[in-house]
Amino acid sequence: MEHIWKALIAMGYLFTVTWITAFVMVIVHDRVPDMKKYPPLPDIFLDNVPYIPWAFHMCELTGTVLCFVWLAVLVFHKHRFILLRRFFALSGTVFLLRCITMIITSLSVPGIHLECTPRQKPAYLDDGNFLGEMVYKMQQAYVIWRGAGMSIQGVRTCGDYMFSGHTVALTMLNFFITEYTPRDIYLLHTFSWLLNMFGIFFILSGHEHYSIDVFIAFYITSRLFLYYHTLANNQALSNNVDSCRTRIWFPLFSFFESSCSCMVPNEYESLTEIAENLACSTYNNYLVIKSAIKTQILLLRALPSNQTVQIGPTSLVDARAIRSRTPIVLIKKKDK
């Protein structure tokens, strides 16, 4: 149960960061440098590779394929909630860093084919209507957030160059797929890496980002993934000084990984096992709730008839005590 609510907290963290990212993308779009005054910067790759119109769409299609592969891994992995928690936490942190780099410096538009101009504000928004302008920007941010920032969803933004969010998504999915699948599935790992590399190539071929945007995105995402998992897999070897330092510099990691001290084994479940575990869990929760209701009814009946009682959270019997007294009827037999 602990892994489930921590995964929900991590999901809320990523949800908040994606909203912040969408709002920052609206701001940087309106700050994009004038294309006539500030031409594209010199770039080794963009200057030598011709523009391919369909390349950026292909990049997003490769990311979609990787996403479906990752969802399949989550469905069958025995420790799926730990994987989800780590994916949400790492993705949220990288995109939060991206918000800072986007808003600090505005780079010129990398491709002359791009039509990047500040959005025209509605006529009802005058210079002094701060609240109305914020509402308008939130509406634009919702359009970006709803489409996940993807051009195949009709989202078109400019100014969000340093660093590439598409590269972050491709790299994060690739690393999680290769980390949480068996090492002997070479074809899957090779396929994942090829999609990652081809996706990066398509980003640059579409002239949607500078080469430095893609390189920094790949480096930050891969290093953060490796540092996080190195710390998580070796917590049992750390001393008090290391633990204190980790709590100070990586509070999010200390919270999410407090119950994990070793590597997460790549154990998988069949559809039958998933259904059995779900049925057992549902029935056991039903027994706990039923026992709690019976206990409250007995407590109410034990009170004198002329005495009233207000039932609140403090009067409920502790769920752990109830669980310890409740027999678990469905017990999954281990395979010999």
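Don't overthink the numbers, they just go from 1 along the chain as shown.
Glycine too: its Cβ is placed from the backbone N, Cα and C atoms.
These features come from TrEMBL:
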- 157-230: domain 'Sphingomyelin synthase-like' (DOMAIN)
- 7-28: transmembrane segment (TRANSMEM)
- 51-75: transmembrane segment (TRANSMEM)
- 87-109: transmembrane segment (TRANSMEM)
- 161-178: transmembrane segment (TRANSMEM)
- 185-204: transmembrane segment (TRANSMEM)
- 210-228: transmembrane segment (TRANSMEM)
Within-chain partners of the transmembrane segment (210-228) [C-beta distance under 8 Å, separation at least 6 from its ends]: 41, 43-46, 86, 89-90, 93-94, 97-98, 101, 107, 110, 161-165, 167-168, 171-172, 175-176, 179, 200, 203-204, 253
For the domain 'Sphingomyelin synthase-like' (157-230), residues assigned helix / strand / coil by DSSP: 55 helix, 0 strand, 19 coil
Listed stretch, out of 51-75, 87-109, 161-178, that has the most CB pairs under 8 angstroms to the transmembrane segment (7-28): 87-109
Beyond the flanks of the transmembrane segment (51-75) by 6 or more, those residues with Cβ under 8 Å of it: 83-84, 87, 111, 113, 150-152, 166, 169-170, 173-174, 176-177, 180-181, 188, 192, 195-196, 198-203, 205-208, 274
Distant-in-sequence neighbours of the transmembrane segment (87-109), which means Cβ under 8 A and at least six residues beyond its ends: 7, 10-11, 13-14, 16-18, 20-21, 24-25, 27-28, 31-33, 35, 38-41, 70, 116, 158-163, 165, 168-169, 172, 176, 210, 213, 216-217, 220-221, 224-225, 228, 252-253, 256
Averaged pLDDT score, the domain 'Sphingomyelin synthase-like' (157-230): 93
